[in-house]
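Per TrEMBL, the feature transmembrane segment maps to B:16-38, B:415-436, B:456-488, B:508-530. Positions annotated as domain 'MacB-like periplasmic core' by TrEMBL: B:19-210. For B:217-347, the entry in TrEMBL reads region 'Disordered'. Taken from TrEMBL, the feature compositional bias 'Basic and acidic residues' covers B:233-347. Marked as domain 'ABC3 transporter permease C-terminal' by TrEMBL: B:416-532.
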Amino acid sequence: MIKINDLCFSWKTTPVINISNLHIQTGKHLFIEGPSGSGKSTLLSLLAGVLTPNSGGIEVLKQPLTSLSSSQKDSFRADHIGFIFQQFNLIPYLSVIDNITLPCSFSTIRKQKAITRSGDLKSEAVRLLKALGLTGEDIFQRNVNELSVGQQQRVAAARAMLGSPEIIIADEPTSALDSAHRDAFISTLFNECDKENITLIFVSHDSSLKKHFNHHINLGAINNIKQEQQ
Amino acid sequence: MAIFSLAFKSLLNRKFTFLITLFSIAISVALILGVQTLKDETKTSFMKSISGTDLIVGARGASSQLLLSSVFHIGNTTNTIKYDSYKEISQLPVVEWAVPISLGDSHKGYTVMATELSFFDHFSYANKQSLSVQSGEISDDMFAVIIGSDVAKKLNYKVGDNVVMTHGGGEIDGHDHDNIPYFISAILTSSFTAIDQTLIISLEAMEAMHTEHNDFHSALPSEQSTRTDTQQDDGHKHEQHDHDAHNNHDTHNDHAAHNDHDDHDDHDEHAAHNDHDDHNDHDAHDEHAAHNEHNEHNDHDAHNDHNDHDAHNDHAAHNDHNDHDAHHDHHDHADHADHAHQHNDTPEQRIARLLQIKPENINAVFIGLTSRQAVLGVQNYVNNYKNEPLTAIMPAVALQELWAFFAIAEVALDIVTVFVVLVGLLGMLSIILMSLNERRREMAILRSVGARPGHIFALIIGEAAAVCFSGIVMGIALLYGLLFALQAPLANHFGFYLDINFLNLNDLWVLATIQISALIIAIIPGVLIYKTSLSDGMNIKF
C-alpha cells in the first residue's frame, strides 16, 4: 500500500532522508522508531505529500505522489490519510464535533463514507467518540481547550478515523500521556483501526511502545543518512 | 463555504481583537458616510434657501454678493437700488410679483430686514414652501415686527414684546433706534433658512428709523413741543385725540375732541381734505413745520385718490389704537404705574405714521414671473436698465455658483475621511498580521486534514472580508443611530435640518470600495501565511 523507492530529500542543502526501499502493507500496525532529528516528521510529510522528494518515488495506495500536482496531493491526503499529532491537535475555536468533522470540509469521499455509516456527520462523530471511550453529552458541548490531554488525543483520533481513511499516521500521539493512558489509548486505537481496516503508521522515539506492534521499523536503520552525517 | 464558516468561527474565537478591529472600521465607515451625508445635507439645505423666486435684482456687482446679502443676509449691504427702479420693474407685464427688501439694521446680532407684507405671500423656500406663523399674527401695523424662530428662541421673545433695532451690524454702541420701538406681532416657524435669524419690519418703519424728523416735532402737540399755537390741522388733532385717549384711558365717545375726530373722518372720506387751499387759508398764519407736514399729508391724499390710501392710514392708526387698548387690558394693568405708556407711540413713530414714507433706496427685489420663459428676457432688461446699473440673478444658478466655492473644502474633507478609513483598514491589517504567528499550528492542522495553501489564504482573506463587512454594517448602524440622535439637537441649536435618507448610490460605491480595499490589504497576510504553510507543511513548530 505504501511503496518507497530510492527516496531522497534535503532541507535546502542538508540531506535528511535517503531510503532505498520501504514497503508497508494494508491493515498493518506499523511502528516506526527513530530518535529526535532522525527525519521522522520529514518522512511523514513526504508520505502525506506536503513535501516533495528531490528524487525517488513514493506510491501511496498505488498512486505515485510525484505525478500529482500539489493541490491534487492535498485532496489525496484529505481523502485517504488521517493524522494524529503529538499535542494540540485541535483547532481551539471549533467545538469537539466540529473538530472531528473538519476533514469532511476538504474530502467529499470521507464525508460520504461517514454519512453512509451513521446517517449524518454528527452521529458518526459521536459514534467514534463513544468507541474511543468518550461518552457524555457534555463533552461534545465543551470547548476543546477544557478537555484533558488524553481526551484531546482521543478527539484527534476520532477525527483521523472519521470517514474511514485508508491510512492513519500518528506522530508521537502518546508522548503527552502518562503510561496508563498511553496503553489504553493505543489499545482503543488498534481496536478501531482493525474494525475499520485502517493501516496505522505509528511514529515514536519511545522504543518501549514497540511491544504493542507486530511490525516495526527503525528509521535509523533504513535511512542511509546517519545522524552523524547531519 | 466551509472556509468562510471557519473564518467566522475563528474570528468569534478572538472576540476582543475582532471587536476592536470591528469598531475601528465601523467608526471610520460611520465617519466617511457621515461626512458625505453632512455634505449632501448642507448642500441641500443651502440650495433650499430660496425657491419660487425667479430673479433677484440688486445693485450691479457680483452675483454671489447679491445672493449672500439678499438670501443669506451675509456681508455688505451698502449697495442699494432706487425704489423707483423697483416700481418700474414691478410694472413689467411678465412680472407676477415683486417684493423689495432693505437690510442694514440689526437686533442683538440678528439681521433686520424691511420689506412689504406681500413678502410673506411670495417668499418660499425648499419645495416652494411658504413661511408660516408659529404664534401671533402677521400684523399690518407699521411698527409690528415678525421674528424668525431662532430669534424668538435665543432671545426668549414672545408675541407682544417690545424690541429696538440697532443701526448697522451692532458693532458700534449707541446706535440704537430707540426712538422707534417695535412690538412683536408674530413668530415664524422654523424654515431652516436665514429667515429664522431675521426680524422682519415694514419698509416705512425702516425709513422712519433712518430719517431725521426733528423738523416735524413741533407739528405734534406733544409735551416737548414748544408750540403755542392752538390752531392745528385736523390730522394733528386726530393724533392728539389718540394720545389723550390713551393717557386717560377714556373711551372715544367721552372725549371732548371726539367731534374733531369725526370731522376728520368726514374729511378723509369724501376727500374734502384735498380741498387744500382751504386749509392753507386756515393755516395761513402758521408758517412753521406743521405746514410742511400738512403739505406732505396732502401729497399723500393726492396719490391716494386711486387707492384710498388715506382711509387706510386712518385705519392703521385706529387699529394701532385698538391694539394698544387690548394690550392695556391684558398686559399693562399690573405694572401700569411703571410704563403705562409703553405702547403709546413715540413722537417719532407718530410722525412716521403720518408720513408713511417709502424708502428712496432698497437693497434688493425678489421677483416672480408669470412664466419661466420670461426669465432671460427680464434678466437682460434689468442688466441693461437705463436709469441705474442693476444686476438680476437667478437664485438657483447663483446658489450653484456659490456652492462651487466650497468645493475645495469638500475635497479636503474627503481626503481626511479617506485617510481615516485607511487607518481603520491598516489597524485590521496589523491585527491579522499579529495573529499569524500564533496561528501557524492551526494552519498546520488544517493542512493535515487536507486544506490546500489556497484554503489557508482564503481563510485569511475571508476573515478580513468578514471583519470589514461587519464593520461596514456596524458603521451604517452607528451612522443612523447618530443621525437620529443628532437630528433634533442640530435643528434646535444650529438651525440645521438634517434630512435622513437611505444610503444613496454614491454611499454604496464608497462602501464597496472599502470592502474591496480590505480584501486587497488582506492579500499581504494572506500571502505570508500561504508561504508559511507551504514551508511549514504539517510540521508544528513551537
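Every residue number used here counts from 1 along the chain in the order it is shown.
Glycine too: its Cβ is placed from the backbone N, Cα and C atoms.
Note that TrEMBL annotation is computational and uncurated.
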Beyond the flanks of the transmembrane segment (B:415-436) by 6 or more, those residues with Cβ under 8 Å of it:
14, 17, 20-21, 24-25, 27-29, 31-32, 35-36, 460, 463-464, 467-468, 471, 514, 517-518, 521-522, 524-525, 528-529, 532
List, by number or range, the same-chain residues at least 6 past the transmembrane segment (B:16-38) whose CB is under 8 A from its CB atoms?
413-414, 416-418, 420-421, 423-425, 427-428, 431, 434-435, 467-468, 470-472, 474-479, 482-483, 498, 501, 503, 506-507, 510-511, 514, 518
Run through the domain 'ABC3 transporter permease C-terminal' (B:416-532) and tell me, per DSSP, how many residues are helix, strand and coil.
102 helix, 0 strand, 15 coil
